[in-house]
Each structure stands twice: as structure tokens, then as C-alpha cells.
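**Q** OK, TrEMBL features for this one:
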- 703-763: domain 'CBS' (DOMAIN)
- 876-902: region 'Disordered' (REGION)
- 49-69: transmembrane segment (TRANSMEM)
- 119-137: transmembrane segment (TRANSMEM)
- 170-189: transmembrane segment (TRANSMEM)
- 195-211: transmembrane segment (TRANSMEM)
- 223-247: transmembrane segment (TRANSMEM)
- 259-276: transmembrane segment (TRANSMEM)
- 297-316: transmembrane segment (TRANSMEM)
- 336-357: transmembrane segment (TRANSMEM)
- 417-438: transmembrane segment (TRANSMEM)
- 467-491: transmembrane segment (TRANSMEM)
- 497-518: transmembrane segment (TRANSMEM)
Amino acid sequence: MANATEDELEEIKRYEDFTTIDWIQDSILERNRRIRAGKHHWTEVGQTWLVVSIVGVCIGLNAALISIVTEWLSDIKMGYCADGWWLNEQFCCWEIEGEDETDACDSWHPWSEVGPARWLIYVMCAASFAFVAAHLVRSLAKYAAGSGISEIKCILAGFTMKRFLGFSTLFIKSLTLASPLVIASGLSVGKEGPSVHVACCIGFTVAGWFPKFASSQAKIRQVVTAASAAGVAVAFGSPIGGVLFSIEEMSHNFSIKTMWRSFFCALVATFTLSAMNPFRTGKLVLFQVTYDRDWHFFEIIFFVILGIFGGLYGAFVVKFNLQVAAFRRKYLQSHAVAEAVILAVVTAMIGYFNRFLRIDMTESMAILFRECDASTGGGTGDICQTSIQWRLANSLLLATIIRTSLVVISYGCRVPAGIFVPSMAVGASFGRMVGIMVRATYRAYPQSGIFAYCDPNSPACITPGTYAFLGAAAALSGVMRITVTVVVIMFELTGALTYILPTMIVLLVTKAVGDLLGTNGIADEMIRFNGFPFLEKEDHAYGVDVSSVMRTELYTVPEKGLRVQDVESLISSTDVKGFPVVSVAASGSDSSLSSSWSEAMASTEEAGHSKLTLLGYIGKTELKFVLDKFRITGGHLDPETPCLFGPPLPPPPPSAPVSASRPTRLASNRVDELVQGIEEEEIPETMFERPAGSEGVELWPWVNQTPMTVSPQLPLEIVMQLFKRMGPRVILVEDHGSLVGLVTVKDVLRFIAMEKPGYHHPSWDERGGLDGLLEELWSVVKGVVNRLDAPSPLMKELFTPPQINYVIEIFNVRSSTHTVEWIRKMAFSSDIERARYSQQIAEHTVRQFSAARVSPDSTARLPASQTHKLARLLGKLPSSSSTSPCRNSRGVSEPTCRTVKT
């Protein structure tokens with residue numbers, strides 16, 4: 001086994017903090033419920049749609065409330081409304097249309113007319129909001145911090161995280177305004193990710209009111225999946241995009257039934273939000289826009305630039321945010337409140353002086369997405385004014401750089417924080433800057449060939465708002481690594497069919513860049529960083545069998561030979577979730593009890609070195625439950641009472657021969673006594689009473705006699721498919737009926753983390769990451785510069801100092817001073833200069849050089865080999881032999897041209 005670093009080992013140890021749902025057992029329970037329901041099946045179906053409807057209505061109401069409060073808190077930092085303190089600036093100045101955030105109506109009063117005082121109040125409000133939000137999270141609900149999408153993906157995959165979807169988390173993250181307070185503080189985080197967490201909390205809470213869902217892990221997760229779709233739907237005003245998000249990002253196995261419920265829940269939530277109309281504009285989100293202009297094919301070049309930016313942005317944010325998260329975990333774990341306040345203060349101090357950083361990010365995107373009409377403004381303030389376009393471009397570039405840095409250090413702090421809208425704001429500012437530059441180029445050179453498709457009579461050939469819109473899509477796709485969902489969300493935001501193709505082009509380029517850099521989505525990277533045991537959706541070729549991954553040192557229990565105290569000691573002294581039940585019939589100790597559990601295990605090992613026959617599997621939770629029930633029912637349970645994990649044998653017929661093979665197990669008249677798949681409250685009390693003549697406590701009814709088993713030679717890829725599609729908690733490995741090991745999801749992840757199997761390609765970080773890329777680029781540039789500065793090796797070979805003088809003497813016969821100077825420069829120039837000089841004098845030099853070779857007046861001193869090297873360098877003379885056809889001074893062809901004598 002390869003040596004693992006300390007960080008990897010710590011990550012592996014954290015896997016033990018989570019419990020796994022056995023989806024197979026849950027499916028058996030659900031099957032028995034459906035059988036018992038019978039005629040009442042349609043009643044349960046109606047109850048399901050009722051729950052989904054209630055969840056959708058609650059999510060819509062919650063989203064409207066959060067939007068209203070967030071807008072008011074964001075504006076209260078700048079001033080107040082004299083007509084009513086509860087009104088934000090938009091509602092206070094409702095009659096005034098087309099004003100941006102720098103204008104004010106008579107009813108809206110800033111806190112002060114003095115600039116420094118307004119800046120100080122702005123910073124103090126931001127710090128106060130951040131302090132209250134961080135303090136509420138730390139004191140009342142620690143799970144309310146962060147985005148929550150990574151944890152929800154793990155929960156939907158079958159991992160239990162208690163209180164993560166509880167009412168306290170819901171109350172703190174939404175009802176007590178923790179999320180609106182964070183957004184109003186100005187931190188470079190969004191509320192769209194937390195809105196998905198809040199929606200899932202609502203779904204989990206509402207489903208818990210109905211016993212049918214509270215007792216079924218599968219059903220309650222179907223409701224949570226539908227709630228996640230509704231959360232994205234109300235965050236972006238995109239019900240279909242929300243359904244696709246739950247399919248593409250959240251759920252491993254997405255059935256058609258779950259898809260319809262998700263769609264209905266998203267539809268109800270969106271309808272409720274529309275009925276609430278929180279912005280009083282008919283829009284579901286503030287940055288919803290409509291484009292009525294077409295795009296041109298020459299703009300694809302600039303769309304590709306936006307896609308490249310999205311891929312680079314995603315790689316940059318994911319890499320450095322993980323480094324910030326590691327620093328935060330190591331040094332700032334106990335200073336969460338102070339960290340949030342400092343980040344808010346720094347963000348407010350820097351962002352106040354940039355108009356695109358000062359206002360709320362959704363309001364900023366609403367400005368950047370807008371079209372510009374033929375006039376200067378078109379109701380968007382000075383965002384469209386040509387006279388200040390370069391000042392706007394500089395401001396947008398600065399906002400892009402600063403916002404990117406703030407997103408890297410802010411996402412992950414211990415407050416409700418998402419990354420959807422901050423990434424979109426970064427992409428929108430960069431895209432608008434590119435759009436402004438393209439439009440300025442068009443206005444400066446309208447007759448250029450690249451703009452041939454533009455109508456010369458229309459000044460609106462380039463729409464910078466669409467560049468902002470596409471840049472936002474590229475940045476969101478780059479950091480989350482989702483494509484189809486972003487296309488649909490952007491289409492629903494704009495309602496423009498004409499911009500589906502540009503959006504697809506941008507996102508495909510973004511995905512290609514992300515794949516080239518080996519970038520994973522930030523949600524997946526946070527799952528790995530936090531140590532959550534989660535299998536990726538993608539399949540890989542590992543090249544190993546399950547025998548390389550399985551656990552061979554097992555805690556097993558024999559069918560007979562243990563006492564109650566031995567079982568209790570086994571439960572308390574081990575940290576496993578269950579125990580395989582094996583047969584010890586070959587040891588001859590069927591009727592004897594061991595004096596301790598260790599002796600029983602020793603006898604089991606002695607009997608099973610050759611073969612441990614697998615009988616079943618029993619969980620630790622079932623063992624605790626059964627022993628407690630026996631104590632409650634019987635009043636007392638003697639610690640010396642034997643425990644029977646194997647079913648009793650039927651009496652053999654008188655004439656039946658004794659078989660040395662595995663004995664026949666449970667008789668058919670006792671099959672009904674198995675309790676697999678039966679609710680705890682439905683188990684009869686007689687099951688916990690010792691019948692007369694019983695040898696001990698019968699635990700065999702709680703043993704799963706049909707556990708999932710595989711062969712040791714089965715490829716690991718197939719085992720992972722079983723985990724992902726069927727969801728067993730543990731898979732036992734047996735070889736021809738003999739137990740040889742077991743494997744869990746944690747074992748698979750441990751193997752991948754420590755061994756780096758054959759499928760593994762070097763990741764972005766393993767290849768050096770951004771640092772390695774910059775170092776490689778620097779080495780390439782440095783090598784090119786050194787090569788340009790150094791003389792050519794061929795020139796060094798041709799022109800040593802004595803030979804240079806010989807060539808100059810030859811050329812002095814019939815050459816001008818300029819030619820001789822050219823030769824001197826070529827001898828010591830770089831490759832680029834040499835090529836330029838060669839091009840200038842090639843024909844003239846060859847003619848004089850040929851004449852010098854046949855001239856009887858010149859004493860040739862240049863070696864023949866050097867002569868032909870120089871000829872080949874100038875590209876005019878053949879390189880075959882020392883004699884070749886040539887022409888004399890009269891232009892007549894001669895048989896040969898002799899080489900010059902040395």
C-alpha cells in the first residue's frame with residue numbers, strides 16, 4: 001500500500017463520522033408497506049402530491065420574504081425613506097423611472113451629505129450585519145453556515161447528517177434573516193446556494209409531519225430532491241432549470257416519478273413567488289431581462305473569449321478557495337465571527353468607491369444586462385454613454401479583479417454563503433467590459449471587414465448587455481461545472497431563443513477549458529475537502545478487483561457459542577456497523593459455550609482457516625434494539641444466556657443419513673417469523689419472549705440471511721455501480737460460500753485516496769496547478785528570449801572569425817560597402833535578424849558568390865564544405881556534390897563548376 005500523507009489519513013478518518021443508509025433494507029420496508037396498503041394506494045399517492053404542493057408554497061413564500069428583506073437591508077446602508085422606514089429605495093422612488101443607484105428622489109434621504117461620513121456609516125452597517133449573522137449561526141445553528149449544496153448531495157446519496165435539514169437550521173438561515181443579513185453586509189457571497197439549502201430544510205420539515213414520509217428514507221429524499229429543484233427555481237425564476245439542476249448536480253439516481261414531483265414543486269414555488277411579486281415589476285428575479293436584438297456571426301470570436309474566461313475563472317477560484325479553506329480550518333476555526341466582520345469591513349471599505357461593487361450584486365447584474373438604445377442612456381443611467389465608455393471599462397475591469405479576489409476569500413466563511421450570484425456578477429462585469437470594447441471598436445472602424453454584417457444605418461450593431469449575460473453564464477458554468485442547466489436558466493431569464501446558440505458555444509468552450517485544466521466543480525471539491533464519503537457520478541477504469549479493496553480483518557459472530565455479555569462486549573468494543581454471521585459447525589463445538597467472546601472468536605478462526613461459511617449479516621443497531629427489547633419484555637436478561645444467531649434445525653427423518661455438508665436450515669413453517677422488512681412497532685411482543693425449551697436468546701430472526709455478496713474476482717467498477725445504483729451499506733465478499741472479506745463505500749474511497757489506481761490521471765493540482773502553469777510559461781518565454789539573444793549554432797559553425805575575413809575578402813571584389821556590412825551583421829545576429837538580412841541580400845549575394853568561385857582573378861581560400869554550407873544557408877545552391885551544373889558569365893551552361901582550390 002502506498003504511503004499516504006497525514007492530510008489524506010486525517011481525511012480518511014473523518015469518514016467514520018457519518019452513517020450510511022442501507023437502501024436495500026429501506027426498499028424492502030417500502031415494498032411491505034405497499035403490500036399492506038392494498039386498496040389505499042391511491043390515498044398515499046394523493047398524500048404525496050399534497051406534501052409536494054405544501055412544500056412548493058412554503059418555498060415561494062420564504063423566497064419572497066427573503067428578497068424583500070434583503071433589498072431593504074441593502075439600501076438601508078445608504079439612506080432611508082421619509083415616506084416610510086420600511087420602504088427600500090426602489091419602492092420609495094417608485095414614480096421615478098430610469099434612475100440608477102446614484103440618483104435619488106425627494107423622499108429618499110442619505111444618512112449624511114458629507115462623503116466620509118456616508119462611507120463610515122456604510123462600513124459600520126456592513127460590519128453590524130455580518131456580526132449579527134455570524135453570531136446567530138455560531139450560537140444557534142452551526143449547520144446554517146456555508147452553501148449547503150455539498151452536504152445535500154451527500155444526504156441524497158444516502159448519508160445521514162443529523163440536524164443539517166432540521167428546523168433550527170431553517171429558522172436561522174431564513175426566518176431570523178441570517179441569509180439576508182449576510183447579503184446586505186456586502187460580502188461577496190450569494191443567497192441562491194443557501195436558498196437551495198433552505199428549500200431542502202422546508203421539504204424535510206414538511207415531509208416529517210406525515211408518518212408515511214417520516215418512516216421512509218427513500219420517500220423523504222424524494223421530497224428533498226423536489227425541494228432542491230424548487231429552491232433553484234425561485235432563486236433564478238427558472239422552474240425547468242431547477243429540475244435540470246436537481247438532475248445534473250444533486251441526485252445520483254433520478255427516476256421519472258421524482259422528476260415529475262420536482263417539476264410540480266418548482267412550478268408551485270414559482271407561481272407563489274410570482275403571485276407575491278416582491279419587486280412589484282412582474283419579474284421573478286431582479287436581473288431578469290428581455291433581448292429583442294439578434295447577434296452576428298463575427299461575434300463568435302468574442303463569445304469564445306468569454307468562454308475561455310469562464311474556464312480560467314472557475315479553475316482559479318476552485319484552486320485558491322480550497323487553499324483559503326485549508327488556512328481557515330487551521331487558524332480561524334475558533335474566530336468565525338471575527339473573520340466574518342473583518343471580511344465585511346474590508347469589502348465595504350474597498351467596494352464603496354466602485355459603483356459596481358457598492359450596490360447589491362443582483363442590482364448590479366440588472367444594470368449590466370440591460371440593452372442600450374440609440375440614445376445615450378435608454379433608462380440605464382450612464383452605463384450606455386459613449387463619452388465615458390473607457391472609464392466604465394476600467395471600472396468594470398477593476399470590479400472583476402476585486403470581486404474575484406473577494407469571492408476566493410469570502411466563500412466558505414461561517415455564514416450563509418453561496419457562490420452562484422457572485423460568480424455571475426464577476427462574469428457580467430467582465431462580459432460588459434468586453435462588449436464595451438467591441439462596440440467602441442465598431443464605432444471607431446465601422447468600415448472594417450469584420451463588421452461587414454452590421455447595418456450601417458443602425459447604431460446598435462453590438463449589444464454590450466448580451467456580453468454581460470454570456471459572461472455571467474460562463475463564470476457560473478466554470479465554477480460549478482454544469483452546462484445544460486445554465487443554458488436553460490439563461491434562456492428562462494431572457495426568453496430569447498436567438499441567444500441559445502451563443503450560450504451553448506460559450507458554455508462548451510468553458511467546459512473544454514475546465515476539462516483541459518482538470519477542474520472539478522467547487523461543490524465536488526468541497527465534498528472531498530470536508531471528507532464526505534461520496535462516490536462520483538462518473539465511471540472510471542480502475543483496473544483492480546474487489547479483493548484489492550476489501551477488508552479482510554473482520555469482526556464476525558458464530559451462529560452459536562456467544563453469550564449476552566459477549567455480544568454486549570462486542571458491541572461496545574468495536575466501531576463497525578454490523579457483523580457477518582458465520583457457521584462453526586466444522587469445529588465440533590455446536591453445543592458448547594465459550595467462556596468468553598475472545599475464545600469463541602478463536603474457535604471460529606481455528607474452524608474457519610479453511611472455510612468460514614457465511615450465514616448472514618446483522619447490524620449493530622438491530623443487536624442493541626433486540627437485547628433492549630428482551631430486557632423490557634422479560635424483565636431480566638441473564639448475562640450468561642446463550643445467543644443464537646442461526647435458525648434451529650428441523651428434526652431429521654428417522655431414515656435420513658447424516659450429512660457432513662452444510663445442514664438444512666429453517667423449516668418452511670417458521671419462515672414467517674423472520675422480521676426483515678417489518679416496522680419496529682409491528683413486530684409482535686411474542687418475538688421477544690423465550691419459548692419453553694429454548695436454548696437461549698434467538699437473534700436469528702433479525703439476521704439478514706440474503707446479504708449482497710460478490711466474488712473476490714469481480715472488478716471494482718462493478719462493485720461501485722452496485723453501491724451507486726442499489727445503495728447497500730456493506731457488500732460481503734465470499735468465495736464459493738466462504739466469507740473472505742467485506743467492502744463499504746469508505747473502503748473504496750480510502751483505496752482511491754491512498755493507492756491512486758490505474759485510471760488516475762494527474763489532476764490540476766498534481767500537475768502543479770496554476771503555479772506550475774505559470775512556471776512552465778515563464779520557462780518557455782525565457783528560453784525563447786535566450787534563443788533570440790544567442791547567435792545561431794549554424795552561423796557559429798559557418799562563420800568563425802578567420803572565415804569571416806575570407807568571405808569579406810571575396811565579397812570585397814565585387815560588393816558594395818552595404819553588402820559587407822550585411823555579412824558582418826549576419827555573423828553575430830540572432831535568428832530573426834539573420835533571416836531578415838538573408839531575405840534582403842539573397843539573390844545579390846548568390847550571383848556574386850558564384851562569380852567569385854569561377855573568377856580566375858580571385859584566390860579562393862574558403863573550404864568547399866564551408867562554401868556549400870553557406871549556399872545551403874542562403875537557400876539558392878544545391879547541396880548534392882562538389883561539382884554541379886552552372887552557367888558562365890555569358891549565361892551558357894557549362895558541364896561542371898569546379899570547386900575553388902584551397
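Heads up, the Cβ atoms here are built off N, Cα and C, so glycines get one too.
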**Q** Going along the chain, which residues at least six beyond the ends of the transmembrane segment (49-69) come within the CB cut-off of under 8 Å?
**A** 174, 177, 179-180, 191, 195, 198-199, 202-203, 206-207, 210, 213, 223, 226-227, 230-231, 234-235, 261, 264-273, 275-276, 278-279, 286
**Q** Where else in the chain does the transmembrane segment (259-276) make close Cβ contacts, counting only residues six or more beyond its ends and a cut-off under 8 Å?
**A** 48-49, 52-53, 55-57, 59-61, 63-64, 199, 203, 222-223, 225-234, 237, 239-240, 242-243, 246-247, 282, 284
**Q** So which residues does the transmembrane segment (223-247) touch in its own chain, when a touch means Cβ under 8 Å and the partner is 6 or more beyond its ends?
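**A** Residues packing against the transmembrane segment (223-247) from afar: 51-52, 55-56, 59-60, 63, 152, 155-156, 165, 191-192, 195-200, 202-204, 206-207, 213, 254, 258-259, 261-270, 273, 283-285, 288, 420, 482, 484-486, 488-489, 492-493.
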**Q** Taking all residues of the domain 'CBS' (703-763) together, what is their mean pLDDT?
**A** 81
**Q** Which numbers of helix, strand and coil residues does DSSP report for the domain 'CBS' (703-763)?
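**A** Summed over the domain 'CBS' (703-763), the classes give 21 helix, 15 strand, 25 coil.
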